[in-house]
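Before any comments, here is the structure.
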């Protein structure tokens, strides 16, 4: 196993090989020291946002093959010579290495402290500006008068009552200006009629005016007039709050009256908004026009604060009241969650609280994060319940199982088709070869790392590996007899064992039996009359089957095409126990890779053995080290022989280029171009909106199977990172899945996900049918499960 280690700035990177999943972090530090020349004590290693600590293994951090670990080098501080002070003491600096040395610490720097102290010094001046002087008979509106107060965040006007009037004291460093109005220094302390829980709110004179009390009739409304209307910016057809608006136009028909206005929301304006409630247009009261309103006035209608219960006090509501019981009683005993903004009675919590906690922030049980579960920098990992149940956790064996390629885990996953896909994988021709089983899993041909059959007992088998693990297997190439799984004791994390009991037609055995085009029979088995109508099974042959079959590959794993189950039956195997046998026969249009036609096709397609990324480089480094060690050992042996016997004459060494020049440069194999059907070519021509992309893609036809990879890369959805399904080709020439664009519009994002071009709220999503049709033909079955 090998991984990549890279410095945090990305300038230096090295490959660390000869590792195991059970390699300790402290052992990894020693290997990093050899490559980066950094002492283990100065290394900070990060993987997936976690700081790796000694005492854990790579398996604990789930480090996989060819993953990247970041290295941050701590600063090595040198102790200065102590300087004696006038008081006889000495100034000492802490030599201890800390996380702040690397620039990632939480400690406060001196500059931060000085800046904070400056803020603290300026704080009394800010408070001095906000000092208020209580006076009587101030302002236009007196104590007890009903007014309209504007919420500065929403820009809407709410009904309120004046509780107190004060004057703001002038600032010490700001002389009074003769141009300023006396009303500008007045502060009104008001309470909202509908929101008493907000308490007393301070308002400047610009945000307070006389209570609107006169409605304007339809006949008296004029264009350009500024009035107060009810409007809902989020849902324009519903009742909302009260805003100032300038009338643009009005139109009256026999059945309806339309009023359009520019609604003023704070400093912004919503243009050309249709006002629904045309009978509730209020005149804006100017100062001094009417008598002060000190008696309880008529209330205006506003939109309900809760859309679920419509502010009905008799209804239980878990959205605006207690999220547990839905009751609206005891508001003083409710807590608001600072994360989800839901209310909870203190006696509805489990366990209940006796009183309201004094903390400013409070989180409900669903939003609360248990601090004991958080792994902070420098702390050990918490015990994993999942890994504690693994067989490797309870095994007493000292064997290092972490070096096997079956244990490294997948670095990528096949998403072009779902895991329960029957039939061939698009872009994987017959004869494709992989060095390790984990690569076969990554390609999607056979997903399990170790198991021989991939399937579900209620659906069928999707693929199997013929590896010669059972002595009862018989391989004839175009057909073979496969032995079912089970009947072996694999406790203790074993990969294989001798047959120790009878097999049963359950689990994957039953899944493989379901592929046979015949009714299931748990006792005697069954045989299909029309075997070609059965479900297809992808078959992979492994090099281990070479001991039983001449059709197995010489190296690694090879995809041999589609087979169908002809019959299955139980019989006593060579071990003396009952085993289930399955007869499979090849049903694939592509020739078998062991035939002459198949071998020629493999050459034409340019199919070669596929290795994991970095495998050949790691192998070359290992061979280089072994050759160096062998050369050193030989020199030592030659030196010892020199003292005992005379050296023999050296043979003339070959020139470096002598042998290679005779052979010359190997001839490059010509790859068979990928051929499109007539229907596929016509569909590509119909897709005029993507003609530029197709022109570039069609240049890859000469590369054979790589053409499909080019198509998949070009038509990848930027949202889900998958091949586009039901594609929408936008006006800006980008292709997005319809479902992805629907989710974007539901989130009120009406722009192209790729370039942020404004598509508009009313954008018509039309599926590009020619593109969808050609993708479905190139990648059959890729839309299943999407």
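Note that Cβ sites are derived from N, Cα and C of the backbone, with glycine treated the same way.
Sequence-distant contacts of residue 283 (SUMO2 cross-link), defined by Cβ-Cβ distance under 8 angstroms and a gap of at least six in the same chain, are 212, 214, 215, 216, 227, 228. Annotation source Swiss-Prot lists SUMO2 cross-link at 283 (among others), citing similarity to another entry.
Annotation comment: Swiss-Prot describes 389 (among others) as SUMO2 cross-link. The secondary structure of residue 389 (SUMO2 cross-link), as reduced to three states from DSSP, is coil rather than helix or strand. Neighbour count (other Cβ atoms within 10 Å of the Cβ, all protein chains): 9 for residue 389 (SUMO2 cross-link).
In three-state terms derived from DSSP, residue 550 (SUMO2 cross-link) belongs to neither a helical nor a strand segment and is classed as coil. A simple way to gauge crowding: the CB of residue 550 (SUMO2 cross-link) has 9 other CB atoms within 10 angstroms, across all the protein chains here. According to Swiss-Prot, the SUMO2 cross-link annotation covers 550 (among others).
Per Swiss-Prot, SUMO2 cross-link is recorded for 670 (among others). The Cβ of residue 670 (SUMO2 cross-link) has 11 other Cβ atoms within 10 Å, all protein chains considered.
For the domain 'Ubiquitin-like' (1-78), the model's pLDDT averages out at 90. The domain 'Ubiquitin-like' annotation in Swiss-Prot covers 1-78.
Marked as domain 'YDG' by Swiss-Prot: 423-586.
Annotated phosphoserine per Swiss-Prot: 76 (among others), in sequence order. All protein chains considered, the CB of residue 76 (phosphoserine) has 12 other CB atoms within 10 Å. Residue 76 (phosphoserine) falls within neither a helix nor a strand when secondary structure is assigned with DSSP, and so counts as coil.
Under the heading phosphoserine, Swiss-Prot lists 98 (among others).
Per Swiss-Prot, phosphoserine is recorded for 102 (among others), and the stated evidence type is similarity to another entry.
Secondary structure from DSSP puts residue 302 (phosphoserine) in coil. Marked as phosphoserine by Swiss-Prot: 302 (among others).
Summarising the annotation, Swiss-Prot assigns phosphoserine to 372 (among others). Counting only residues at least six positions away in the same chain, no Cβ atom sits under 8 Å from the Cβ of residue 372 (phosphoserine).
Per Swiss-Prot, N6-acetyllysine is recorded for 403 (among others), and the stated evidence type is similarity to another entry. A helical conformation is recorded for residue 403 (N6-acetyllysine) in the three-state DSSP classification. On its own chain, residue 403 (N6-acetyllysine) has 1, 20, 21 as residues at least 6 apart in sequence with a Cβ closer than 8 Å to its own Cβ.
Look at Swiss-Prot and you will find 550 (among others) tagged as N6-acetyllysine.
For 645 (among others), the entry in Swiss-Prot reads phosphoserine, with the evidence type similarity to another entry.
According to Swiss-Prot, the phosphoserine annotation covers 655 (among others).
Marked as phosphoserine by Swiss-Prot on the basis of similarity to another entry: 662 (among others).
Counting residue by residue with DSSP, the region 'Required for formation of a 5-methylcytosine-binding pocket' (482-485) contains 0 helix, 2 strand, 2 coil.
The number of other Cβ atoms within 10 Å of the Cβ belonging to residue 483 (site 'Required to confer preferential recognition of cytosine over thymine'), over all protein chains shown, comes to 22.
When Cα-Cα distances from residue 76 (phosphoserine) are compared across the recorded positions 302, 320, 389, 483, 670, the shortest belongs to 389. Away from its own ends, the region 'Linker' (300-305) comes close to residues 158-159, 194, 212, 230, 232, 238-242, 280, 282, 311, 320 of its chain (Cβ-Cβ under 8 Å, at least six residues beyond either end). Checking each of the recorded positions 302, 320, 389, 483 against residue 670 (SUMO2 cross-link) by C-alpha distance, the shortest gap belongs to 483. DSSP labels the residues of the region 'Tudor-like 2' (220-287) in these numbers: 1 helix, 36 strand, 31 coil. Taking Cα separation as the measure, residue 550 (SUMO2 cross-link) is nearest to 483 of the recorded positions 302, 320, 389, 483. For the recorded positions 320, 389, 483, a Cα-Cα cutoff of 10 angstroms around residue 302 (phosphoserine) retains nothing.
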